[in-house]
Each structure stands twice: as C-alpha cells, then as structure tokens.
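**Student:** Pulled these features from Swiss-Prot for this protein:
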type: ACT_SITE; residues: 132; note: active site, proton donor/acceptor
type: ACT_SITE; residues: 161; note: active site, schiff-base intermediate with substrate
type: BINDING; residues: 44, 202; note: pyruvate binding site
type: SITE; residues: 43; note: site 'Part of a proton relay during catalysis'
type: SITE; residues: 106; note: site 'Part of a proton relay during catalysis'
C-alpha cells in the first residue's frame, strides 16, 4: 500500500522545452531524501500546458529515471474520457506504478457520468487508480456515494486525493469505504486528515523540503500526533507562502532560488509579482533553504 509523502513534482522548462537534465536531478533529490512517491504531470507539473507528446514523454522519463527506487504516480486525468484513457494506458505500458485521475473539469458531468468515466478507465487499464477530488479547480465534486460505488465495483480503484477542507467528507469516505486510501491534497490539511485516518499527502512543499514532509507523515502514520503536530506548526509558514499565488508559481520560483530549476513557466502561468517573490525569499531564508 502506498502511504506517506508523495511529491507533486514540478516540470522544469528551459528555453520553452522540458528540461530533462533538471528533471532528473529533481527526481534524485526526492529519492535521496526518502520521499515515498512522486506524482508527475499533476497540477504542480503544469500538465495543462504540456502537449500530448510531452505529457507522455515526461511520464516515461520519470519511470526510467526512478529505476524502481521510488513509486511513480502518473497524472493521467482529463475532462475527456478517451484522452484520460489514452494517458492511463500509456502510463501502464511504460511501467508507472499508479495513476492519478482528476475529476473531469469544466464540462460538469453528473455523478452517473463521473461513475462511467472512472469505471471505463478502471475496466480497461489494470493499474492502481487514485481519484483526484479538487472542486476549487474542477467546478464539481465527486460524491462519497460515487466513490463508494466505484471502489466496490473496481478493485484497482485504490483511493483518492482530497483537496478539500471538508473534514466531514473525509470522515464519511474513511468510515464507509473499506481499504480505501485517502491522501491529503493540501499540505496544510495533512495533519487533520491523517488524524482521521488518511495515509499521507500529495505534497507541494516536499519539492523543497522532502525530508521534513517525509518525517511529518511518518510521525502521523505511527500515531505520534504530538510530534506530527509540532512538525505541522514548524512548517505552517512555508505551507502558507507557497500558495501566496497560484500553484505551482511559488514552488517553482522557490526551486529556482535554490538553484535547482530555471524560473520559467508556460503561459498563462507567469512569474510572481516582485513583492510576493520578496516575501517568499524571506520565508525560504528562515528555513535555511537559500
């Protein structure tokens, strides 16, 4: 079972192209610091601005670079079922360990439509699937009833990434769905979710502090919530600053300040406001990251 700290890794660019040299160094940085898994082509990986070919190439490169030393979760979701099926089939073929599929966005399907979307992919691709619930970005939320139905009907639907502050929802999922793994999708909500029984976090912060996020989740998994709470408050300031602007703008800027990637985005994402970058620098200095 996948548990602990999963880094939602950024996709570095250089002169408009994916910077595979920097990407390989980022993967090694995660492995050397004990991270449990890496999510590629998620929100933090700027997947909406990757071409189909780039999306697949990034997944394949991550799998090959990892060399089975770390779990690779491929972001394969889309608001077209056929597109999501294409990416998920590819991820399985090149050796990804699991797939994260976002709830289809913009077209706002019904719960029955959501069921059929995930059901089709789970039937056709034999890979562990995690459903990504992030209503603030998708405009729709998959219900607990639909998650329960999917988990009952498809043994390869293993869990969900929950980017929601609704702890009643988390409680309902964990109470009603046996052997279903929940990951926090928000660093600052990791502690409350794990106290309810979530098994870890898909983390933005672990791009820059992988060792600390691993330590944080390890305490919670062992039931040592006093130490986990201490870590939560220690990390709280960096949790906040990394979302001063839209993710992944601050975390990629932080990595550039640390000398790990170029400060390069693809439109419509762009560089931080200068005053916000100064605030970010001050926090990074407090944590001795720059």
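Every residue, even glycine, has its Cβ placed from backbone N, Cα and C.
What's the neighbourhood like for each of these?
**Tutor:** Under 8 Å, Cβ to Cβ, and six or more positions away along its own chain, residue 132 (active site, proton donor/acceptor) finds 42, 77, 100, 101, 102, 103, 160, 161, 163, 185. Residue 132 (active site, proton donor/acceptor) falls within a strand segment according to DSSP.
Every protein chain shown contributes to the tally, and the Cβ of residue 161 (active site, schiff-base intermediate with substrate) ends up with 27 other Cβ atoms within 10 Å.
Around residue 202 (pyruvate binding site), the same-chain residues at least 6 positions away in sequence with a Cβ under 8 Å from its Cβ are 6, 7, 8, 39, 42, 73, 100, 161, 183, 184, 185.
Around the Cβ of residue 43 (site 'Part of a proton relay during catalysis'), the number of neighbouring Cβ atoms within 10 Å comes to 21. DSSP assigns residue 43 (site 'Part of a proton relay during catalysis') to coil in the three-state reduction, placing it in neither a helix nor a strand.
Packing around residue 106 (site 'Part of a proton relay during catalysis') is summarised by its Cβ count: 9 other Cβ atoms lie within 10 angstroms of its Cβ, all protein chains included.
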**Student:** Any same-chain residues 6+ apart from residue 44 (pyruvate binding site) with CB under 8 Å of its CB? Would you list them in sequence order, or say none?
**Tutor:** 8, 9, 10, 204, 207, 247, 248, 251
**Student:** Any idea what the Cα distance is from residue 43 (site 'Part of a proton relay during catalysis') over to residue 106 (site 'Part of a proton relay during catalysis'), rounded to a whole Å?
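**Tutor:** Between the alpha carbons of residue 43 (site 'Part of a proton relay during catalysis') and residue 106 (site 'Part of a proton relay during catalysis') there are 15 Å.
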